[in-house]
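The annotation transmembrane segment is assigned in TrEMBL to 71-91, 112-132, 166-190, 202-219, 239-259, 280-302, 322-344, 356-381.
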């Protein structure tokens, strides 16, 4: 007669449980997914740099080449828009709203409309095409959607049920690997992605961030996104700069957010009659305007704006109106609907704005750029903790903790006075509505 399972010694039962593939398979799949996010993020970053370098090489070198963006940029925008709408639905825009929307959906099939490997592939390819076309977009927001998509696929393959927690973990890992800012990845998951953050997801988020970070470190080593800065607020004039960057940056950030939402909604209403044709034509118009702004600025507003932001952080003065041209180029790139994020362009706008404020006040250009980034970015996304932590880790100057906190909180507070609708969450509601509308249409077709 077989012994009762309950009478098997505890040690033997524990050993049997830990040796079970049902226990190890989900863990191995999760770990592989997190490592894949780190590896893909590094490859994506390298490819993005190459795409921007190719655009710069193509449009520089002779007088006639400087006019090439008038052709390349609108055609690139139109191609990205057409391919995204035809082949990779829900790959447009930043990618962060899609990840937030997926967390609010309850049906797995609905989530996979927003987060899938096919969508992730489209996001990577089309973001690179956009950067090659001179679009003012970044790769960091797309990396969030890519990370969340990889984790959703891992959940399906590994039989894991914590879909919301895995989306959160994949998003945090994406931010951590994109900027080499592990702490910012965790803070982003708590503040921006998961307003209703559950403590039980702590392990998932931390594990994903650690593994993605290790993969990134193994390939490119440890680095600061904007290098190391040493300057800090030490005089009364510097603290006036903190207040000015926070308030003015927050106001401009709120203006960007409000304009992006309002213009985006108007565009969606206008293109409804012939969605594909009208959306592609509108993207081309946006691309043409981005090209004109880029040529007028001497090419400085094309691309993510990393070089300009880093130059400002290192103490180089940017042209006084650079921030305004970059603001317009980023806004046009966003409302065009092509895949691409706003993280890097927003940091570049903030650095330019801070540089201009510092020039007016006669303070350190480096400190002004860093504080401008904090105030403006906090105003755009209305996530002050994420803003100051991510910029702190990017610059590596821990003497700036309090000034960055102040600028971020002032930027956030000013933005809330102007617009109380956080950008990413407002956009996520549109994605939720679209997915639910598609589900009702499918159900109606099945019944008819």
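The first residue you see is number 1, and the count goes up from there.
Backbone N, Cα and C define each Cβ position, glycine as well.
For the transmembrane segment (166-190), the residues of the chain that approach it from at least six positions outside its boundaries are 30, 33-34, 37-38, 41-42, 44-45, 96, 99, 102-103, 111, 115, 139-140, 143-152, 154-155, 160, 197, 201, 204-213, 215-217, 220, 222-225, 343, 383, 385-386, 389-390, 393-394, judged by C-beta separation under 8 angstroms. Beyond its flanks by at least six residues, the transmembrane segment (239-259) meets 233, 323, 327, 330-331, 346, 349-350, 353-354, 357-358, 361, 363, 367-368, 371-382, 403, 406-419, 421-423 of its own chain at Cβ-Cβ distances under 8 Å. Tertiary neighbourhood of the transmembrane segment (112-132): same-chain residues 40, 44, 47-48, 51-52, 54-55, 76-77, 79-80, 83-84, 87-91, 95, 98-99, 101-102, 105, 139, 142, 145-146, 148-150, 152-153, 167, 303-304, 333, 338-341, 431, 435, 438, selected by CB-CB distance under 8 Å and a gap of 6+ residues from either end. Within the chain, the transmembrane segment (322-344) has long-range Cβ neighbours (under 8 A, six or more residues past its boundaries) at 77, 80-81, 84, 88, 91-96, 122-123, 126-127, 130-131, 135-144, 178, 252, 256, 259-260, 263-264, 267, 279, 282-283, 286-287, 289-290, 293-294, 296-297, 300-302, 304-306, 308-309, 350-353, 355-356, 372, 380. Sequence-remote contacts of a segment are chain residues at least 6 beyond its ends whose Cβ falls under 8 Å from one of its Cβ atoms, and for the transmembrane segment (71-91) they are 55, 58-59, 98, 113-114, 118-119, 121-123, 126, 129-130, 132-135, 145, 275-276, 279-288, 290-291, 294, 336-339, 431.
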